[in-house]
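Feature annotations, courtesy of Swiss-Prot:
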BINDING   ASP73, ASN75, ASP77, THR79, GLU84  Ca(2+) 1 binding site
BINDING   ASP109, ASP111, ASN113, TYR115, GLU120  Ca(2+) 2 binding site
BINDING   ASP157, ASN159, ASP161, LYS163, GLU168  Ca(2+) 3 binding site
DOMAIN    41-58  domain 'EF-hand 1'
DOMAIN    60-95  domain 'EF-hand 2'
DOMAIN    96-131  domain 'EF-hand 3'
DOMAIN    144-179  domain 'EF-hand 4'
LIPID     GLY2  N-myristoyl glycine
Amino acid sequence: MGKQNSKLRPEILQDLRENTEFTDHELQEWYKGFLKDCPTGHLTVEEFKKIYANFFPYGDASKFAEHVFRTFDTNGDGTIDFREFIIALSVTSRGKLEQKLKWAFSMYDLDGNGYISRGEMLEIVQAIYKMVSSVMKMPEDESTPEKRTDKIFKQMDTNNDGKLSLEEFIKGAKSDPSIVRLLQCDPSSTSQF
């Protein structure tokens, strides 16, 4: 009796179909898996960090996972429900480049003011380095988080105001594929750094 139904209700399925790039069958399969891993229907930051650590066994992914979690948790209640999870997964795995860049921008914009400051960029880049630097050799001009942040700002901050707008971020990323790799937050693509 206390067991949650492992099928999505028709109205929820329709909402997710309209807001993701997944088929009905895929949505039902993801939902079953989500409930198996999160029987409460909600994922906490600690649970999320444990899952994320599996993708990066040789580094410390906890800080980066916190930033990803915050970006997934669109209603700010401190948990990720299935809707938040599947919409973010759709954007990051099947979204168009512009959607992915907007999502990444929202992750880097820590205070939500619509701009990425040098400090915000540095915090995320430091988290990435903690996660992957033990298994990756960085080029000399990106050998520290500070150098990588400087490189990103040099290329993207076109008006030199010390912060990146969404427009600068998207334009800069689109004009330089290596920047897309620098900003990449998809665990399966870290080898492309």
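Yeah, the Cβs are placed from backbone N, Cα and C, and that goes for glycine too.
The DSSP secondary structure for TYR115 (Ca(2+) 2 binding site) is strand. Note: the CA-CA distance between ASP161 (Ca(2+) 3 binding site) and TYR115 (Ca(2+) 2 binding site) rounds to 11 Å. Cα of ASN159 (Ca(2+) 3 binding site) to Cα of ASP73 (Ca(2+) 1 binding site): a distance of 32 Å.
Here the C-alpha separation of GLU168 (Ca(2+) 3 binding site) and GLU84 (Ca(2+) 1 binding site) works out to 27 Å. According to DSSP, GLU120 (Ca(2+) 2 binding site) sits within a helical segment.
According to DSSP, LYS163 (Ca(2+) 3 binding site) is assigned to a strand segment. Shown are the binding-site residues ASP77, ASP157; the one with the most C-beta atoms within 10 angstroms of its own C-beta is ASP157. Note on proximity: among ASP77, THR79, GLU84, ASP157, LYS163, the binding-site residues of the record, the Cα nearest GLU120 (Ca(2+) 2 binding site) is that of LYS163. Taking the mean position of the Cβ atoms of ASP73, ASN75, ASP77, THR79, GLU84 as the Ca(2+) 1 site, the remaining same-chain residues with a Cβ inside 8 Å of that point are HIS42, PHE72, THR74, GLY76, GLY78, ILE80, ASP81.
According to DSSP, the secondary structure content of the domain 'EF-hand 1' (41-58) in residues is 11 helix, 3 strand, 4 coil. Just so you know, the Cβ of ASP111 (Ca(2+) 2 binding site) picks up 10 other Cβ atoms within 10 Å once every protein chain is counted. Within 8 Å of the centroid of the Cβ atoms of ASP157, ASN159, ASP161, LYS163, GLU168, where the record puts Ca(2+) 3, the same chain has further Cβ atoms from TYR115, MET156, THR158, ASN160, GLY162, LEU164, SER165. In this structure, the binding-site residues under consideration are GLU84, ASP161, and the one with the smallest number of other Cβ atoms within 10 Å of its Cβ is ASP161.
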